[in-house]
């Protein structure tokens with residue numbers, strides 16, 4: 001900019017038009033240059049659109065050392081645009097020095113090849129440094145690595161290209177009209193340079209326009225003297241893409257920054273964003289961090305293979321219980337059904353059906369009512385089942401004690417009414433435990449994101465670990481008591497092996513639930529529900545097969561064994577159960 005162009009608004013509009021935010025500033029060492037530098041820094045830089053890579057003052061006395069130092073700073077800087085507020089007389093020495101650097105490279109090659117110098121050595125040097133170069137040295141007389149063409153080195157291709165261009169220029173200048181290579185044997189049209197400088201108008205400044213719209217540039221009229229033929233890019237740091245944020249480099253101008261990828265769960269949906277925006281609840285950032293998407297959900301579903309298998313097994317167990325119940329009802333007058341306390345057997349089958357059905361509450365997206373009902377239904381159903389088995393075991397022991405001399409009075413404590421009361425009381429205790437648990441610390445659905453940041457695992461939190469432990473502990477206590485009583489009765493007559501079947505079923509039941517505890521604790525998310533469903537189904541099938549399998553086999557396939565004669569050793573049972 002010449003001294004008459006002192007409006008920094010024009011320079012600012014040029015920088016903004018081409019997107020140049022990282023520039024160098026050269027000013028002359030006079031009032032114009034120093035005032036322009038001060039105005040530029042106070043008017044343009046605070047707008048945040050541009051930053052200075054360097055500020056250099058051009059010397060008035062054409063100090064060669066200072067000019068060389070300025071050229072070194074310019075070439076070392078990453079800024080590709082230089083703004084100069086200086087006189088032409090200040091700029092010419094600088095531009096000459098830039099061109100000299102290119103010439104110096106050739107001079108150094110010439111001096112190295114011919115062992116000569118273009119300028120005499122300084123007077124203080126003790127050695128002359130070789131002869132002066134005359135410029136008439138012949139490269140053809142020199143055997144150097146640069147001119148070795150024996151192996152068709154790349155340098156030789158350059159050598160041929162230069163000579164081809166030289167011969168073409170020579171023939172172009174020596175061309176005679178009528179003998180040229182162009183149509184009509186014409187020669188090329190040569191333009192003679194007259195040394196004048198032609199100024200191309202590439203824009204206009206309209207003072208009457210609004211501020212920021214005063215400059216109008218015609219980019220098509222601008223000739224950029226480098227490849228590609230478009231404006232250079234001069235920025236300290238490129239714009240931060242979507243999904244990143246700007247972090248200013250410590251100790252550097254505002255235009256110099258690093259682009260840091262947003263953290264997981266945060267996004268930036270604009271370029272050059274200074275901060276990342278957290279995603280809303282139940283949303284998560286995409287891998288490129290520029291948009292939020294709904295989180296994936298996970299729970300034990302009826303539509304996935306695991307859920308389908310478990311629900312199918314539960315329905316199958318319910319169906320088998322119904323079939324066994326029909327078989328027992330249809331054959332309720334037969335000796336084997338009557339001898340096995342048909343009323344308690346029906347209650348066991350009913351409670352097993354409830355156990356199979358309650359496992360379905362663990363499948364599907366957790367709701368408040370399913371979370372509250374699943375454990376309560378499971379706990380009460382199993383206590384009802386185990387209570388009936390416990391009472392049956394007690395009755396079996398009482399009957400065989402009554403068969404001995406002096407033991408008849410014991411049977412009055414194990415009549416039908418006492419059996420129903422015992423089962424009801426034991427089941428009522430579990431119901432009280434469940435109600436207390438639901439009232440004090442009820443299970444509830446919970447959206448867990450601890451396992452996966454981008455996934456919501458829907459699960460039921462048990463609310464109170466103590467309540468859950470008491471529920472399981474009470475079931476375990478009844479099962480252990482049934483096992484111990486059945487174990488004591490293992491040596492009863494072979495014709496009546498109910499105690500052995502109860503022993504086996506309770507052993508299987510306890511083994512399943514002992515294995516359940518560590519598996520449940522170490523299973524994340526939906527797999528914890530799957531483990532609990534598996535334990536319910538496994539223990540229910542174990543009880544169903546162990547207690548009713550042999551009886552169904554005799555009823556359906558060995559009816560000849562279903563007679564009083566075969567069961568004569570347990571005739572007392574017919575009397576007490578009738």
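Here the Cβ of each residue, glycine as well, is placed from N, Cα and C on the backbone.
Here's what TrEMBL has on this protein:
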- 305-329: transmembrane segment (TRANSMEM)
- 306-571: domain 'G-protein coupled receptors family 3 profile' (DOMAIN)
- 344-364: transmembrane segment (TRANSMEM)
- 376-400: transmembrane segment (TRANSMEM)
- 421-441: transmembrane segment (TRANSMEM)
- 461-489: transmembrane segment (TRANSMEM)
- 501-521: transmembrane segment (TRANSMEM)
- 533-556: transmembrane segment (TRANSMEM)
Touch test for the transmembrane segment (376-400) and the transmembrane segment (421-441), at least 3 Cβ pairs under 8 Å: yes
The domain 'G-protein coupled receptors family 3 profile' (306-571) [mean pLDDT, rounded to integer]: 84
Folded-back contacts onto the transmembrane segment (305-329), same chain, C-beta under 8 angstroms, at least six residues removed: 337, 342, 345-346, 349-350, 352-353, 356-357, 359-360, 363-364, 526, 530, 533-534, 537, 540-541, 544, 548, 551-552, 555-556
Candidates 461-489, 501-521, 533-556; stretch with most C-beta pairs under 8 Å toward the transmembrane segment (421-441): 461-489
